[in-house]
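Colleague: The structure is given below, and queries will be raised subsequently.
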C-alpha cells in the first residue's frame, strides 16, 4: 500500500506502521447487537433523510445504545483535517471551502432524529482565519433554535490556544465543552504532534472559567503505562475537568499506530475508581467506551452533582 483510500501518498510514518500486522482483538472487545424500537425508528429517519452521523460512518460499537437513548454525534467542517494524529481515522489534507449552511443542516438532522442529546465534533481547520470557531458556535446556536430542549455537547480542537477563537465558541454556551487530551504527555510528540499537552489542559481550564461543564478523554493502548494514566487523570482534574471518558485504542487501518496493549476490563474499573476519587463529576471507563458514549447521561450526572 503506497497511497491512502483518498489518493494521498503515504507518509514515511504510515509506511512503518503498515509493516505491523493489524492486531487480533481479545474476547472482551466483542459486543452483542441490541436493537430496539427507538433504534429502528432513528435508523429509518437517518436512512430516509440521508443524514450523516459519526455513529454510523465510523461503525461505532455503541450505536445501538446511543440511538436507543436518542443520542448521536455529528462531524462538521468537512472530511479533511489540517492536522494528523496517528490514531485518528480522519484523513489529513486540504479541506474544502467552509460550508456556511452546515449548521442549519445539522440542526435539521437533530430535529428529524428527535434527539435528546447531540454531540458535535469536527476537524481542525487551521486554514481558516478563525480556526472554524464560528462554525462550532453557529452549530450550537442553530440546534438550540431548532430544538430548544436538546442538550448540545461540543468536542473541539484547541484552536492553537487562541483566546478570541475559544471565547467565541464558549459564548455559544454548549451543555458540555469537551476537548480531548487523548494521551499522556510523553506520547504527544509521537501520536499527536500538532497539539500540546499543556495547551490542551489550558483549553479545559479556560472553558471552566467561562462557566461551562468540561470534559476530556484518554485513549489507552498507545504506549502509556498505568502510572502515566493515573498522572494524566490527576492533571485533568487539576485543570478543572468535570467529566472524563477512558477508552481502548482501536487501530483504524494498517497505516495507523499499532496497538501497544489491550487493557483488560478490570483495569478500566480501577481507572474509573481513581477518577471518581479524584473528584470527577462523571466517569465512563471501559474497552468499548468512546468519548461521546452516553454523553447525555454524563451531562445529567454532572448537573445533578453541581446542584447538590
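Every residue, even glycine, has its Cβ placed from backbone N, Cα and C.
No curator has checked TrEMBL annotations; they are predicted automatically.
If you look up TrEMBL, you'll see 55, 60, 66, 292 marked as [4Fe-4S] cluster 1 binding site. Taken from TrEMBL, the feature domain 'Radical SAM core' applies to 67-281. Per TrEMBL, the feature [4Fe-4S] cluster 2 binding site maps to 81, 85, 88.
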Colleague: Which whole number is the mean pLDDT over the domain 'Radical SAM core' (67-281)?
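Modeller: That stretch averages a pLDDT of 96.
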Colleague: When you measure from the Cβ of residue 88 ([4Fe-4S] cluster 2 binding site), how many other Cβ atoms are you left with inside 10 Å?
Modeller: 18
Colleague: Compute the centroid of the Cβ atoms of 55, 60, 66, 292, then list the same-chain residues not in that set whose Cβ lies within 8 Å of it, in sequence order, for the [4Fe-4S] cluster 1 site.
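Modeller: Neighbours found: 53, 54, 58, 62, 63, 67, 71, 72, 73, 119, 290, 293.
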Colleague: About how far apart, in whole Å, are the alpha carbons (Cα) of residue 66 ([4Fe-4S] cluster 1 binding site) and residue 81 ([4Fe-4S] cluster 2 binding site)?
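Modeller: Checking the Cα atoms of residue 66 ([4Fe-4S] cluster 1 binding site) and residue 81 ([4Fe-4S] cluster 2 binding site) gives a distance of 26 Å.
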Colleague: Restricting to the same chain and to sequence separations of six or more, state which residues have a Cβ under 8 Å from that of residue 85 ([4Fe-4S] cluster 2 binding site).
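Modeller: Same-chain residues close to residue 85 ([4Fe-4S] cluster 2 binding site) (Cβ under 8 Å, separated by 6 or more) are 182, 191, 192, 194, 195.
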Colleague: Mind giving me a neighbour count for residue 60 ([4Fe-4S] cluster 1 binding site)? Other Cβ atoms within 10 Å of its Cβ, every protein chain shown.
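Modeller: Counting Cβ neighbours of residue 60 ([4Fe-4S] cluster 1 binding site) within 10 Å gives 20.
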Colleague: Output the one of 55, 66, 81 that, of all these binding-site residues, has the highest number of other Cβ atoms within 10 Å of its Cβ.
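Modeller: Comparing the binding-site residues 55, 66, 81, the most crowded Cβ belongs to 66.
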